[in-house]
Amino acid sequence: MYLEVSERQVLDASDFAFLLENSTSPYDYGENESDFSDSPPCPQDFSLNFDRTFLPALYSLLFLLGLLGNGAVAAVLLSQRTALSSTDTFLLHLAVADVLLVLTLPLWAVDAAVQWVFGPGLCKVAGALFNINFYAGAFLLACISFDRYLSIVHATQIYRRDPRVRVALTCIVVWGLCLLFALPDFIYLSANYDQRLNATHCQYNFPQVGRTALRVLQLVAGFLLPLLVMAYCYAHILAVLLVSRGQRRFRAMRLVVVVVAAFAVCWTPYHLVVLVDILMDVGVLARNCGRESHVDVAKSVTSGMGYMHCCLNPLLYAFVGVKFREQMWMLFTRLGRSDQRGPQRQPSSSRRESSWSETTEASYLGL
């Protein structure tokens, strides 16, 4: 959240590894003396006090909810792992990504409340891990959307031949791209001592141009492109489902709308604030201390809304997805009868079929 006057711009990563926007000075500290402004950096008391109070409480709550909710989703899917469709497999990877993301939240809660006490190595790992799973969540939702689009709109199953191999390769590509986008975290993140704060924080050592370019990349690749893919695919899916008949199809349509709307509602406010900050960086909008303080607080609040998306998907499955509730109940029943010879309520072959390539019925989670 701060800039250190040096040959390189140093950014605090208290808003996590992928949030490079919390620059609190309007001045570009370059390598040349002429780059320095005669005015001092903006005071940070208001935004700092807000972050120290708001972020640790929020991150702790999201950690508990996200771990329990996504753990339940993973348990349900793994209990049916021999009959998972392509959508179910993507959802399993999405739950894993959300779990790994929320596991970093306690570290960043400590960083926001006190300082970074976990060393430079864990700084790089935690920052990269958060960034990897931020991208993975968006990319996997886009994969689910495209898979449903082909299966419903074009009646095409791209995973019909060797489905597990093809789905696995798709997931490997997704995780590989996420790792590629997280390389700046491994390179530029470090635990740096900030003299103005008298504290050590997990920070980026970034030149201004690199900071702006990476934030634009994250805005486009991590939000706009996945959102456009989801909107396009689900708009065509809804067009097909609306002309169909049957209550089952309308239940599937309802959850489709809710899932894509949740992604948009959770992440749009944050990325709009980031866009404003980018426009101030490039000089399109004037930067002053009052506006900068408001933007910093807005980023803390809206980023919290974005992180809530990790906890929201399991709730959507539970309250909107009928099949998820059924499978969760069956899992609890089997666990309660583990001392018996076997579960008495195994789903029939017709109920176990979850791929939309053969039917518009939802997967195990109702998608």
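Placed from the backbone N, Cα and C atoms, the Cβ positions cover glycine too.
Since this is a predicted model, take the numbers as computed values, not measurements.
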Tell me which of C42, C202, C233 Swiss-Prot records as disulfide-bonded to C123. C202
If Swiss-Prot marks one of N32, N198 as N-linked glycosylation site, which residue does it mark? N32
Can S47 and D111 be said to be on one side of the membrane, going by the domain names in Swiss-Prot? yes
Spatial neighbours of the transmembrane segment (53-79) far in sequence, C-beta under 8 Å, 6+ residues away: 14-15, 88, 91-92, 95-96, 98-99, 101-103, 105-106, 108-110, 112-113, 300-301, 304, 307-308, 310-311, 313-315, 317, 324, 327-328, 331, 334, 364-365
Return the residue, from the listed disulfide-bonded residues C123, C202, with the maximum count of other C-beta atoms within 10 angstroms of its C-beta. C202
Residues of the same chain, at least six outside the transmembrane segment (169-188), with any C-beta under 8 angstroms of its C-beta? 17-18, 89-90, 93, 124, 127-129, 131-133, 135-136, 139-140, 143, 204-206, 210, 214, 217-218, 221-222
Average the pLDDT scores across the topological domain 'Extracellular' (277-297) and report the rounded value. 86
So are the transmembrane segment (298-320) and the transmembrane segment (212-232) touching or not, going by 3+ C-beta pairs under 8 A with a sequence gap of 6 or more? no
